[in-house]
Amino acid sequence: MSKCVNGLKSRLTAIIGAQWGDEGKGKLVDILAEKYDFCARFNGGANAGHTIVVGGVKYAFHLLPCGILYQTCMNVIGNGVVVNIPTMFEELAQLDKNKVDYTGRLVISNRAHLVVDGLLEADAKSESDSRKKFLGTTKRGIGPTYSAKALRQGLRVGDLLLWDTFLLKYHALNAKLREQEGIQIDTQKEINTLKEYRDILVNKNMIVDTISLISNARKDGKRILAEGANATMLDIDYGTYPYVTSSSTNVGGVCTGLGIPPSAIETVIGIVKAYTTRVGEGPFPTELTNETGKYLQKTGHEFGATTGRPRRCGWLDIPILRYSIQINGHSSINLTKLDILTGLEEIKIGVNYLLNGKVIDYIPAQLEDLAQVQVEYMTLKGWKQDISDCKIFSDLPIEAQNYVKKIEELLGIPVSWIGNGPQREKIILKD
């Protein structure tokens, strides 16, 4: 049987960002989730931002899996995620407002770690410390929470089940934050808030052993969609360190963040914006600081769903995508926001990096080297026609088709999906 590259018939598909994030992962997750039994977040926290437009209603999810919009889909926040409980309930309020029933369809791993106020304050303090290099984090407490986890000082969602024990651990963590960081917060106020939310979670049986849940689902033949946050170039190991997030954003994070064996993953779809963007600091080889860059930013509405920060824009970067394929073994690519390139006279693709005048076949680990690379470009003819109403690949202007085909040729893997507008239905399944 041939491998399913588009995820439509796979038993377990992973959706992975292949650039610096903000590629539009949520849209494909939303589309595929209708056909899957489980949708599971495996990494990150409220630093992610997946925006989905359904029936004219825009949903901005930061913690909730995108499958929450489908009544037939069970949604899992896995052990690899760091969870800000009040933020999660704010997102659930969006669903309540729009009468989306999620009763019995959302569970949180008892092994997932909690983001609490002291860790949020530690994040903000670290970013504002002039003695430290500004990393451009979202200040959502992600780094300090993963740090507390690694130092074995963290709080886990399962700790909420034993409230008295949780309080002891909570006070111990805050004592360390006061001693080491000079952080003072209103602990009683936060305790009262957490107790209120904790009672809801316990009464609705939302805190569970998701390792066992997913394992049993697999045995029962259920289909599972693993939803990634952030992207390859923000991975704690493989990204442009230290301008990265604090979790495993690549396919390995599916295994560690959900308790799934590597052999179970059948399809890995890399989400690739038709150009390149990144938020925050760090080298960006194909960045455009000219009018074309401003055009992409304005036309593509390139402002972060989580922070509202403007995204830096540039041409498509093939070396970065080859790197993502090396790490993730992408089965295919979902090319998003192709419509944003409409109107450009010509479109460039960064095809190679040169360092010290020589073509290199790797991504430099040292940022000093990455900042020095020169990009070798190829130029393709653009198109003027509106492509937002195209339903099949052959509907696209020949120039747009050539752009997609050239990407396939350069990467050696197929493009399976093409996004041509923000709405759920604005996507082309490429044969």
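Note that Cβ sites are derived from N, Cα and C of the backbone, with glycine treated the same way.
According to TrEMBL:
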ACT_SITE  ASP22  active site, proton acceptor
ACT_SITE  HIS50  active site, proton donor
ACT_SITE  LYS149  active site
BINDING   21-27, 49-51, ARG311, 337-339, 419-421  GTP binding site
BINDING   ASP22, GLU23, GLY24, LYS25, ASN47, ALA48, GLY49, HIS50, THR138, ARG152, ASN230, THR245, ARG309  IMP binding site
BINDING   ASP22, GLY49  Mg(2+) binding site
BINDING   ALA305, THR306, THR307, GLY308, ARG309, PRO310, ARG311  substrate binding site
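Distribution of TrEMBL features across the structure.
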residue : record                 : contacts (Cβ under 8 Å, 6+ apart)
LYS27   : GTP binding site       : ILE52, THR336, GLY419, PRO422, ARG424, ILE427
LYS149  : active site            : VAL82, HIS113
ASN230  : IMP binding site       : GLY17, GLY21, ASN43, GLY44, ASN47, ALA48, THR245, SER247, THR249
GLY308  : substrate binding site : none
ARG311  : substrate binding site : ASP22, THR277, ARG278, VAL279, GLN297, GLU302, PHE303, GLY304
ASN420  : GTP binding site       : LEU338, ASP339, ILE387, SER388, CYS390, LEU396, LYS426, ILE427, ILE428
Ask   = Based on Cα coordinates, which of the following binding-site residues are within 10 Å of HIS50 (active site, proton donor): GLY24, ARG309, PRO310?
value = GLY24
Message = A 10 Å Cβ contact count, applied to the binding-site residues GLY21, PRO310: which residue has the minimum?
response = PRO310
